[in-house]
């Protein structure tokens, strides 16, 4: 089962990735993890990637693709994998297709967890942190006993600047610009599956498994 998992910030993609990896015993392959491993192991591509990152530059596609290829060629991917955070552009998707073909693999499905924009903004802007003890709350999912006050120490709760509505809007705008061409790309290949991410975690997971033709339990 070779799956690409997509979803905007706030869609719960990380949670679903953990559940899929646990249920089907496949490796979770994220771009960040791949870069960190390649740099730690001091592979040739890892050294190249580190040089660009240290200079504050984007890592070129050819280096990224090379690191992805090295990871997908490892033995633990022969029985399936969950790809997360790559590809981000159509040229990267084309390169991934070619890489998978060379390795005798192919994507079985592209799962996109969809949540309406306003709901995503509610999720992204709902975090509150205690100024005194650092406890974290969420106004929707884990509200404090008393609004604005920490339930542990009574300290004042505040919203971090990177949890503001403006920041959330910008993050979602960037994501939409990046991924819309990818959605059309995978729709044309007949692999795209859109999942309703407004449901509870278990229902979302069940729908993902159904889209993959697998049992959730």
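Just so it is clear, glycine is given a Cβ too, placed from its N, Cα and C backbone atoms.
The feature ATP binding site is assigned by Swiss-Prot to 10, 11, 12, 13, 14, 15, 127, 136, 137, 199. Taken from Swiss-Prot, the feature AMP binding site applies to 31, 36, 57, 58, 59, 85, 86, 87, 88, 92, 160, 171. For 130, 133, 150, 153, the entry in Swiss-Prot reads Zn(2+) binding site. Taken from Swiss-Prot, the feature region 'NMP' applies to 30-59. Residues or ranges marked as region 'LID' by Swiss-Prot on the basis of sequence analysis: 126-163.
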Quiz item: Do you know offhand how many angstrom separate residue 150 (Zn(2+) binding site) and residue 137 (ATP binding site) by C-alpha?
Solution: 8
Quiz item: Between 10, 12, 14, which of the binding-site residues has the fewest other CB atoms within 10 angstroms in the structure shown?
Solution: 14
Quiz prompt | Maximum Cα-Cα separation (Å), residues 31, 36, 57, 58, 59, 85, 86, 87, 88, 92, 160, 171 listed as binding AMP | solution = 34
Exercise. Could you say which of the binding-site residues 31, 57 has its Cβ with the most other Cβ atoms inside 10 Å?
Key: 31
Quiz item: Near residue 153 (Zn(2+) binding site), which residues of its chain come within a Cβ-Cβ distance under 8 Å, counting only those 6 or more away in sequence?
Solution: 130, 132, 133, 135
Quiz prompt | For residue 160 (AMP binding site), the number of other Cβ atoms found within 10 Å of its own Cβ | solution = 10
Self-check item: Zn(2+) site shell beyond 130, 133, 150, 153, criterion: Cβ within 8 Å of Cβ centroid
Solution: 131, 132, 134, 135, 151, 152, 154, 155, 157
